[in-house]
């Protein structure tokens, strides 16, 4: 056995070099990348401020900090007072300027323009300040033929008076009904001679006017003009046409009955209309005709009725 001991080679131990270790660590680690910013979001610093060039904000001195806008009222009121004082006298002279002309406008059928001018001249003073416009309007509208009045001042010295007359639709008692169904009393009733005559209770005036307009529209296309319409206390209707033919309608279904009459008129009555004196449409499924006495249609009807009666009498009877 060899007495020689095993020889262990020397091992060189070196102290760790911090630079080398740092280099090794750096080579193995992946570089850190900044977080990706989504579109639409601004990059901010940890303090919450935007990145970029910042300019220091320098507070500007406020030279108007002492100013209070309410102070403007003082010089404004002073200016208005001074201006009003100097303008009062010229304005007063302008307002007191006397009229040089009065213009009367409107369509005149029942009241003459001369009559309107006369009513106006009685109310006009020498200047605008003393003119009572409301009293002038009342004076004009008190005339039953005047519906409305409009007054306008046309500077510097002209008064424009616009007058709208009443529009009579039908006669009613000692006056007429206007387009609103109002009863207007007038003295010159003869000036309404060409209008239809409506009769009934005053409380039913609007309804009667509406019924007249509906019936007139239905009959006018066939040359049948309504000259009178009456509604009695039982609300029974009766009308008179231009050739003095009276039609008894009754209390209910007025338009339905008259439409049935129009149908019969178109098919049977049109050709013998001059021989008809009266018609009764109060039946549920027809109408009755009263002929003018002695007319050809009346004679023909009487002959036909007599023949029918004789045929009935001579007909054989069966046991």
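One is the number of the first residue shown, and numbering goes on along the chain from there.
From the backbone N, Cα and C atoms, a Cβ is placed for every residue, glycine too.
What Swiss-Prot annotates here:
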- 1-53: region 'Disordered' (REGION)
- 71-87: transmembrane segment (TRANSMEM)
- 88-319: topological domain 'Periplasmic' (TOPO_DOM)
- 97-166: domain 'POTRA' (DOMAIN)
* Structure fact -> Residues in the domain 'POTRA' (97-166) per DSSP class, helix first, strand next, coil last, are 18 helix, 22 strand, 30 coil
* **Integer average pLDDT (0 to 100) for the domain 'POTRA' (97-166)** => 84
